[in-house]
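According to TrEMBL:
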| type | residues | note |
| --- | --- | --- |
| DOMAIN | 22-189 | domain 'FAD-binding PCMH-type' |
| ACT_SITE | Arg168 | active site |
| ACT_SITE | Ser219 | active site, proton donor |
| ACT_SITE | Glu289 | active site |
Amino acid sequence: MTIKINQLIQSQISLANYTSYRVGGNAQWYAAPKNWEQLEACFDWYQAQDVPLTLLGAGSNLLISDRGISGLTICTRHFRNYQFESDNGLLIADAGEPIAKLAWKAAKRGFKGLEWAVGIPGTIGGAVVMNAGAHQQSLSDILVSATVLSTDGTIEVLTPEDLEFSYRTSNLQGSNKFVVRATLKLQPGFSKQEIMELASNNWTQRKTTQPYHLPSCGSVFRNPYPQAAGWLIEQLGLKGHKIGDAQIAQRHANFILNCGAAQASDIFQLIRYIQEKVEYHWSVSLEPEVKLVGEF
């Protein structure tokens with residue numbers, strides 16, 4: 001099948017529609033490939049044009065500048081396929097698969113090991129890059145390998161050791177390599193009812209402790225061990241503080257909400273405000289978990 005590149009790649013597409021914060025400017029060029037052939041066509045175009053490249057998953061852990069992104073933005077949210085192997089507990093998933101959906105699918109099969117991920121926004125590709133986790137578990141605990149595509153077109157299969165995982169990060173962050181597929185090792189053979197109950201309990205806890213009624217990116221800051229970022233912020237009385245239409249959530253102080261008409265600049269200024277207050281009062285430097293993309 002011949003790929004019509006002018007239909008696959010569009011210009012000046014608003015990225016606010018593709019991020020959980022519902023903010024951000026335009027992508028100079030934008031593509032959302034659905035299969036390997038389309039993905040390869042996008043990379044061929046990118047290499048021929050010699051422009052910057054940005055990969056976007058579900059847009060759940062990003063803050064994109066109001067100025068947008070130059071070059072080509074490839075969104076993998078439609079790059080989906082997954083397969084469970086019941087005999088050995090492997091789950092093979094393309095980068096665009098939502099990790100929360102996979103968690104529920106695994107639970108319904110009696111596969112143990114991914115139930116912590118229910119309710120986590122984002123894709124499996126993004127989860128690998130940032131080493132997503134919850135309930136004292138992380139993706140690195142169950143990852144067998146990640147298939148990555150470099151900006152020069154090279155495909156590699158990397159192990160957890162290759163990725164140098166640590167708390168909420170890997171060496172893929174800031175690199176020229178993009179996850180296109182991941183293989184996870186789960187534990188089959190458990191009672192479906194037992195794993196579904198664990199997943200449901202995790203989901204209930206997440207809903208009762210975190211705000212889901214307004215757009216956000218989830219946790220804004222990494223927890224500076226042994227403290228929790230939300231606790232440090234809450235103790236300073238910052239819950240409810242607003243800049244523009246960006247607000248520190250009342251339910252969880254490590255969440256910044258878009259209350260309706262926030263700009264990326266509002267959220268960015270609120271992030272900096274929190275960092276300054278926490279640094280001054282606690283002598284703790286909060287490191288953002290959310291990735292800043294573009295010029296601020």
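Quick reminder: no glycine exception, Cβ is built from N, Cα and C everywhere.
Note: TrEMBL annotation is automatic and uncurated.
Long-range C-beta contacts of Arg168 (active site), restricted to its own chain and to partners at least six residues apart, with a cutoff below 8 Å, comprise Met130, Asn131, Ala132, Gly133, Arg222, Glu289. Note: the residue listed as 'active site, proton donor' has non-local neighbours Ala229, Gly230, Asn254, Phe255, Glu289, Val290, i.e. same-chain residues 6+ apart with C-beta under 8 A of its own C-beta. For the domain 'FAD-binding PCMH-type' (22-189), the model's average pLDDT works out to 95.
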